[in-house]
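As annotated by TrEMBL, transmembrane segment applies to 12-38, 58-76, 81-103, 109-126, 147-166, 280-301. The feature domain 'Cytochrome c-type biogenesis protein CcmF C-terminal' is assigned by TrEMBL to 14-303. Taken from TrEMBL, the feature region 'Disordered' covers 312-333. Summarising the annotation, TrEMBL assigns compositional bias 'Polar residues' to 315-327.
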Amino acid sequence: MKNKIPDLTTSNTMLATVVTFLILATIITMGMLTPLIAKLVNGVEISLDPGYYNTRSALPVAALVLLLSTCMLIGYADKKYIVPIVTGSVVLSIIFAVLAPFGNTPIDISLPILIVALLTAFYRIYRIVLGKQNASTKNKIRSISAHVIHVGILLILLGIILSSNMKIESSAVLSSGSGEIVSFDGQHYQLIMNSMNSYYSGEAFRNYPASSYTTEVIFDIYKNGRYFKSGKVNYITDFKWGQSYTTTYINHGLTEELFIAPRAIDESAGEIDLYMRTVPFINCLWGGIYLMVIGIIALILTDRGNKDRAIDPTSVVSEKSSANGTDNENKYDRMLQQEIQKRKANRVKGKR
């Protein structure tokens, strides 16, 4: 007896998706429990960096994206085309991993799979918009909103992968009064310090004239040698709580995010050590979150509208009972008319 390969159906792909989700949840749970178990057993505090989760969850997440593409194609594309499309995305990822066109292994592997999944989601939305011309607008919105959520999830994954693997981090020291434009290694941003001012703030505390001491640094930002924007960071020493903390500068651009934070400060020398990080494609992450919210709201509103139009079971019963009563009355009327006709006929015969 030959073994049959399971049919490519929605139920089978959903089962595979649930199993993959369970594997991913197990990995995350193990990562959360490992530090707790280590502390309870050995009394040692450990922390797991993002690399622990990235290396272990990469394959399950890739499998989920492939299953998402498969689920969206089932019912809208011929089954003989679905397997080649999904298999082709896997082969393309392997080719990208070998050729390394982006010079980053996570991006080389994940980008083909994510792009195919995005194209599949857009294809599904396109088919819904053009298909079923007699379908109501509300039903179309309900169907499209689910795939808008899918697009949002894929954009979030794309934003996480691109931003985490393409971010650039560096640091440099700025001097007050030097007027020198300082470059950061690997960055296309440069900084020049305009001023460094210190002041006390808050109520008096013990031997201090105030509860905190703030050093404010104002600087100009240049992008590729041209003036871009002005920024400010603060280095604050809190006497009351016995700690120091900083404020940061963040610029959310259309294509990237710029983050600047002070690392250390030498007020007597008029110097500050600044940390700079640029994160490209971060807007893919935010755009995906917004699309998910829009899709969820649209789905909730359309479902609520369908529930409001749902027929009350009690009204159905009453309608059925009233219909049955009307049928019975008509039946008895017909029987009465037949009986009257018979009696009239008998009287006529008796007179003859």
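One is the number of the first residue shown, and numbering goes on along the chain from there.
Note: Cβ is positioned from N, Cα and C throughout, glycine not excepted.
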Outside the transmembrane segment (81-103), six or more residues from its ends: residues with CB under 8 Å to it: 8, 62, 66, 69-70, 73-74, 109-113, 116-117, 120
Interface present between the transmembrane segment (58-76) and the transmembrane segment (147-166) (three or more C-beta pairs under 8 A): yes
For the transmembrane segment (58-76), sequence-distant contacts whose Cβ falls under 8 Å of one of its Cβ atoms, 6 or more beyond its ends: 8-10, 13-14, 16-17, 20-21, 23-24, 27, 82, 85-86, 89-90, 93, 106, 109-110, 113-114, 116-117, 120-121, 123-124, 127, 147, 150, 153-154, 157
